[in-house]
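Colleague: Dumping the structure here so I can ask a few things about it.
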Amino acid sequence: MQSNVIKIIIGASLLIGVGALYLLLSLKTPDKPLAGQVNIYEDNAEIGGDFELIDQNGELFNSDELKGKLSLIYFGFTSCPDICPTSLNKITKAVEILSENKIDIVPVFITIDPSRDTPAVLKEYLKHFHPKFIGLTGDEKQIREVADKFKVYYAKAASENDNDQDYMLDHSSFTYLMDKNGKYLKHFYLDSAPSKIMEFLKSN
């Protein structure tokens, strides 16, 4: 009897330990693929594509408008408490570094929360980052289609809150570098230094 109790205690301790380790790794690497995310690490992964959304001024925006320019594309949402603003600050710094080196690049923020992130909300939010930022929204179907093209994972986080408008989103956190033809070049993680983009462009 006593040995069975000990086995149960040991088993429970192992489960708790594994759960704690998983949580720690998830918090330390929020930009790695989450459950359900398509693997973008494969060399032959097709990332990106044409799209049409609405910008922060309420105007129709076609991805063709990015042709002829390098661009940095990030998917997030304005209610994101830490990962998104951290990423947008890094993109802002990267744009500044590239500008100092005479490299023109367009930063683009695409919301994954279109029901709350209206053009007006995006416009106000992006005032905190580089003035060149283009903010894009659309309906749920449009956003999902664009996110799928970029292999972006996102989903509503589980919550016990009954308020339909008070929710968080789990999402991957990559910054995509696209060439002047709108083709994917490379993606950068949350922990990548802004200077990494410059280093990549200089070596390629």
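Every residue gets a Cβ built from N, Cα and C, even glycine.
Just lifted these from Swiss-Prot, have a look:
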- CYS80, CYS84, HIS171: Cu cation binding site (BINDING)
Colleague: Which of CYS80, CYS84 has the fewest nearby Cβ atoms, counting only those within 10 Å, among these binding-site residues?
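Modeller: Checked CYS80, CYS84; of these binding-site residues, fewest Cβ neighbours within 10 Å: CYS80.
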Colleague: Enumerate the residues of the same chain, CYS80, CYS84, HIS171 excluded, that satisfy the criterion Cβ within 8 A of the mean position of the Cβ atoms of the recorded Cu cation site; list them in sequence order.
Modeller: PHE75, GLY76, PHE77, ILE83, SER87, ILE112, LEU169, SER173
Colleague: Once the chains shown are all counted, how many other Cβ atoms turn up within 10 Å of the Cβ of HIS171 (Cu cation binding site)?
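Modeller: Counting Cβ neighbours of HIS171 (Cu cation binding site) within 10 Å gives 24.
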